[in-house]
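For reference, Swiss-Prot has these:
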{"type": "BINDING", "residues": "HIS172, HIS280", "note": "substrate binding site"}
{"type": "BINDING", "residues": "ASP192, ASP203, GLU399", "note": "divalent metal cation 1 binding site"}
{"type": "BINDING", "residues": "ASP203, HIS272, GLU305, GLU399", "note": "divalent metal cation 2 binding site"}
{"type": "COMPBIAS", "residues": "38-49", "note": "compositional bias 'Basic residues'"}
{"type": "REGION", "residues": "18-49", "note": "region 'Disordered'"}
Amino acid sequence: MVADTDVKEIVVDALPEVSEPAAVDDSEVTEDATVQDKKKKKKKKKKKGNNMKNIALIYPDEKYPEGQWMEYHQDFNLKRVTDEERRYLERSEEYEQRCNDMRKGAEIHRRVRESVRNKIKPGMTLTEIANLVEDGTRKFTGTDANGDHVDRPKSQGIAFPTGLSLNHCAAHFTPNAGDKTVLKFEDVMKVDFGVHVNGYIIDSAFTIAFDPQYDNLLAAVKDATNTGIKEAGIDVRLTDIGEAIQEVMESYEVEINGETHQVKPCRNLCGHNINPYSIHGGKSVPIVKNGDNTKMEENEHFAIETFGSTGRGYVIQEGECSHYAKKPGSHPTPSLSSAKNLLKVIDENFGTIPFCRRYLDRLGEDKHVYALNTLVRQGIVEDYPPLNDIKGSYTAQFEHTLILHPHKKEIVSRGDDY
């Protein structure tokens, strides 16, 4: 997610004849039934313990499921299906490995969200929910050994902090240590989390609401995101995607507590392209028409995400910061020894992958605040405060990651859930 500072979704066979059963001793039946019951209980326990494990054990051949394939529907892309097909089939091994890494990350993302979605209930703290998501990611990526590292920047693991933004907060909130916020029945919560494999990031998000009065808000945003996915393609102008998203989003209304609201796009929030180890690659995919004639290009990865709001449709940075990322490139060595030591921890565990303060706590850096603020002031680390619409409003988000192959696009993070 990018905040645009400039503007700052029997046929049944006949049963055979059965002969009369032979008489059986009642004690034998009871004994057999008891044995069978014990076996069933044992089987159930065994199955329950194998719900989450390293994804490599589930796919020993290291070939992961492809995402949803979609044709390019724009006329100027139709010729690519024939002209580029042979070139696609002759792609380098490096390209195929990159795609497989993204499919692996996407499969992990699907399995994590499947494992946590039915567990998230009102009454849970946001910290409990964040731990559910992140521990699941660690399990499936195999980065949970000894609990001593959150991530290995050149391997695989958590791609950025788990966003759990409530109601008018649209993005960039995850609980810091000591946060006691409890999820309530009337809340609308955006769940935005990422998985990376060798730096190739899967960025995907969904919204949870328990009260059915928010259904139309969620439907509007899901429809808008799917519209953005449909419009995306090689040589497509970014402003055209934003225009299509805006038209769909604004066609929805939602009634909340007896008051009707038009669903508005959060006009200064955007999707984005994704580069290795860099969640924001430089291109922004608007969710309103903005006149940006920059085009999407072949083989690029994009996170198509949309945010809908019952408020003003504009967010500002507000509240305690939890999200951080080291800026790419070379930087001067911090003069403060604690900042220098913290930077070493960040380099070793995250690189340019975003992190949060809880991750530093987990690494034993529980007295990091002053050193972290020093790195931010010196321009070495970027801070990403929460992004809020007006209080009393509600925001929703849906997001998928896709690859623009020469002949088709692949929505790698697509699942049965959204």
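Cβ atoms are placed via backbone N, Cα and C, with glycine included.
Between the CA atoms of ASP203 (divalent metal cation 1 binding site) and GLU305 (divalent metal cation 2 binding site) there is a gap of 9 Å. Each of the binding-site residues HIS172, HIS272 was scored by the number of other CB atoms within 10 Å of its CB, and the largest score is that of HIS172. The two recorded residues, GLU305 (divalent metal cation 2 binding site) and GLU399 (divalent metal cation 1 binding site), have Cα atoms 4 Å apart. Cα distances from GLU399 (divalent metal cation 1 binding site) to the binding-site residues HIS172, HIS272, HIS280 are smallest for HIS272.
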